[in-house]
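To start, the structure under review is shown below, and the notes come after it.
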Amino acid sequence: MKFTSKEVILFDLDGTLIDSAPDLSLAVNHMLSALQRPTFEQDIIRSWVGNGAEVLVKRGLSGQDVIDENIDPDLVEKSLQLFFNFYKKNLCVDTKLYPSVRACLKILKAKGYRLVIVTNKPFEFIEPILEGLELTGLFEMLLGGDSLEKRKPDALPLLHVCEKLSVTVEQCLMVGDSKNDILAAKAAKMESIGLTYGYNYGEDISRYNPEAVFDDFSDIVATLS
Ligand SMILES: O=C(O)COP(=O)(O)O
Ligand SMILES: [Mg+2]
C-alpha cells in the first residue's frame with residue numbers, strides 16, 4: 001500500500017505517538033482516592049481513554065466504560081478539577097513515545113510533509129507534553145478535544161485542518177489508534193492508517209476499515225515514500 005499525493009499528515013496523540021495511559025491512570029486514581037472511591041488497574045483505565053478528559057473522568061466515577069448518566073454534575077466538576085490539577089503537574093512522569101516515533105516524524109518532516117496533531121485531549125496539555133518528550137518544532141498545527149465545537153469521531157477537526165492549511169481532504173492522511181480517528185476520517189472522506197498498538201477499547205482497529213493497518217509506527221514512512 002502506497003499513499004500518493006499526500007501533503008499533510010494528521011496524527012492522533014494518545015495511543016499513536018505517546019503511551020500516556022500510565023500518567024492518565026495515575027491522575028484518574030489520584031482523583032478517585034481523593035474522593036474516597038475505588039481505584040482501578042492501569043489496563044482498565046487504558047480501555048477508557050479516547051473521548052477526552054471529561055469522558056475519562058466520568059468513566060472513572062462510573063467504574064466502567066458506560067457512563068452513569070445520574071452522576072451529580074457538581075461531583076463531575078470537582079472530579080475534573082482534581083484530575084486536571086494533578087495531571088497538568090504529572091504529564092510526562094511515565095508517559096513515553098512509542099518506538100521510532102521521534103525519528104520517523106523527523107524523516108517525514110524532512111521529506112516535506114506538513115505534520116499536525118488532532119487529539120481529543122484538552123488543548124492545554126498538548127504543548128507541555130511535546131516539550132517533555134522533545135517533539136517541539138515538528139508540528140504546524142495542534143488541535144485539542146476542546147479546540148472546536150466538536151471532536152473526533154466528528155469530521156470537524158479534520159476538515160478544519162484542511163481549511164486552515166488550504167489543502168484538500170485528498171491531500172491529507174489521518175493516522176490513529178482508535179475508532180474515533182478512523183470514523184472521523186471516514187466522515188471527512190479522508191484516507192486513514194490504523195495503528196494496532198494503542199488504545200481502542202480492546203477492539204481490533206481493522207474492524208473500522210482504515211485504508212492501511214500497521215503494527216509499527218515506522219511502517220508509515222515506507223508507505224509514504
Ligand atoms: O485524551 C483522549 O481521550 C484521547 O486522546 P487522543 O485523541 O489523542 O487519542
Ligand atoms: Mg488515540
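Quick reminder: no glycine exception, Cβ is built from N, Cα and C everywhere.
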Residue from ASP177, ASP204, ASP215 that TrEMBL also lists as binding Mg(2+) with ASP12, ASP14: ASP177
Check: same-chain CB within 8 A of Mg(2+) site center, minus ASP12, ASP14, ASP177: LEU13, GLY15, THR16, LEU17, GLY50, THR119, GLY176, SER178, ASP181, LEU195, GLY198, TYR199
Chain-internal residues near ASP177 (Mg(2+) binding site), provided their CB is under 8 angstroms and they sit 6+ positions away: ASP12, ASP14, GLY15, THR16, GLY194, LEU195, THR196, TYR197, GLY198, TYR199, ASN200, ILE205
